[in-house]
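If you check Swiss-Prot, you get these features:
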BINDING   13, 83, 84, 135, 244  sn-glycerol 3-phosphate binding site
BINDING   13, 14, 15, 266, 309, 313, 410  ATP binding site
BINDING   13, 17, 266, 309, 410, 414  ADP binding site
BINDING   83, 84, 135, 244, 245  glycerol binding site
């Protein structure tokens, strides 16, 4: 095999990374660069799309240098990205007309409220699988068209293009040759009908968005074009892409119906593959596309918790109870239980399955005997309880009782948390050998598209489990603890 490597570009909310993998899925080299966060008004979040491009393109070049390899050694590049973040740029010059509006940005809430008054809430959920919320790209696009001078007119003349970050990067990498996205990213725009696999004319009309600015939707594993970024004569295929959470699902090889993964980052993202059926949630979850490849689309249920690792950051930065996130395992293990204490980290409201923006955080059950260790333990347990909330909602929606969940993200190194997660959900928790599952998913998609790997069966042989955690408490104890959590949550709403 002359081409021995795959490169994954992992474009996240705070940094851009490039990772070089070999055929055995070993990480050969990596490079990471942070970029600026802009908060022009309360609730507004922006990125400079050109800075994202500069950070991502430079990490690609540096990762190649660190691996001491040349472009001709690389079989393909795969891309995974922060989802929903919105860029509109000039087709001729390649310059954005405005900063990228980030997924966290809430500025388009009034547009969402207007759509609700038009009676479109149920239609949005049925067609796109999403909630009518500023989180998604559609209302961000409308905001730029309506509020930046001259942009709507230029868009209607066909002079401008829209893309989520995957689309923007592919367009730049291919020097404007490819204006494409994949089904996972398209499904997060609130403009894509996940059943017909087409941009939805009803929603485009409701938001007054010209169809001409939207990218072509291609499979998640396919060759979209080639890049010469690493020098004249280079010609690397851009061959796979997926939004970050779907890439992690694929990287964990959750490719069959009923398989699920939980990513523990700042928040928690639990996704469950529901196969070829788009399950409409009745319990506060999103219906989204898991992957679109080989002429088939798989769907997923998705639940997100706002405060996962961020709860531990709060213990460290605001309360000063710990110096390092890793210390939580030591302190939590020094006590038998939380002494009846529950921490509900509803600092910015509650996410799925509650979707209560007005809920606020609370420490419930404090007595004179409660100490620092109990509170630290309660913070870790809160992450697991919230994941149990999501798992229960998924079981009700999918009518599938999960027996196993795969985990990734920074917090999975915490053995106490992983064991308690297994205990409170009564599910086996599997921690993989390789925790870079998001980048790995992008690499897998690209490698499969160009024949670097033959099949997902081959990939399964390379995927190892570093440790499995199995339930160690009684059903009675589990039910009692979870009832206490539910009672505590009720007091925050």
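The backbone N, Cα and C atoms fix where each Cβ goes, glycine too.
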For residue 266 (ATP binding site): DSSP state (helix, strand, coil): coil
Spatial neighbours of residue 83 (sn-glycerol 3-phosphate binding site), counting only the binding-site residues 15, 245, 410 and Cα distances within 10 Å: 245
C-alpha spacing of residue 244 (sn-glycerol 3-phosphate binding site) relative to residue 17 (ADP binding site), in angstrom: 13
Coarse DSSP state, helix versus strand versus coil, of residue 83 (sn-glycerol 3-phosphate binding site): coil
Cα-Cα distance, maximum over 83, 84, 135, 244, 245, record's glycerol binders, Å: 15
For sn-glycerol 3-phosphate: widest Cα to Cα gap among 13, 83, 84, 135, 244 in Å: 15
For residue 135 (sn-glycerol 3-phosphate binding site), the number of other Cβ atoms found within 10 Å of its own Cβ: 21
Residue 245 (glycerol binding site) in three-state DSSP notation: helix
